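Notes for the one structure printed next.
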Amino acid sequence: MKPAGAFLLLISLACLFLSVDAVSQGGFQAFCSNYEKTLAPDGKSCPKTHKPVCGTDGKTYQNRCAFCQTAMERSLGKLGFKHEGKC
């Protein structure tokens, strides 16, 4: 492989890992984009499905919808998605 090709491959992989890390370490915006338009103001629109997710605050949320509802209430990036499953 030519040095230029190897360099481009290395840069591409670095960008991929950085973007994955950015979503897992913080920003709920991309993670919650599907829920922004569906959440009702009364907060009762989340299903009771048990598929836990862990927030960067160390709390386990019942599902993505419950996490996103809390994240949008707090806004300003104070709560991020850490990983699927219990904390």
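These residue numbers are counts, starting from 1, taken along the chain as shown.
Every residue gets a Cβ built from N, Cα and C, even glycine.
In Swiss-Prot, Cys68 is paired through a disulphide bond with Cys32, chosen from Cys32, Cys46.
Reviewing Cys65, Cys87, the cysteine that Swiss-Prot connects to Cys54 via a disulfide bond turns out to be Cys87. Among Cys15, Cys65, the one Swiss-Prot lists as the disulfide partner of Cys46 is Cys65. Distances between the Cα of Cys54 (disulfide bond) and those of the disulfide-bonded residues Cys32, Cys46, Cys68 are shortest for Cys68.
According to its DSSP assignment, Cys65 (disulfide bond) is helical. The CA atom of Cys32 (disulfide bond) is located 8 Å away from the CA atom of Cys65 (disulfide bond). Look at Cys46 (disulfide bond): DSSP puts it in coil.
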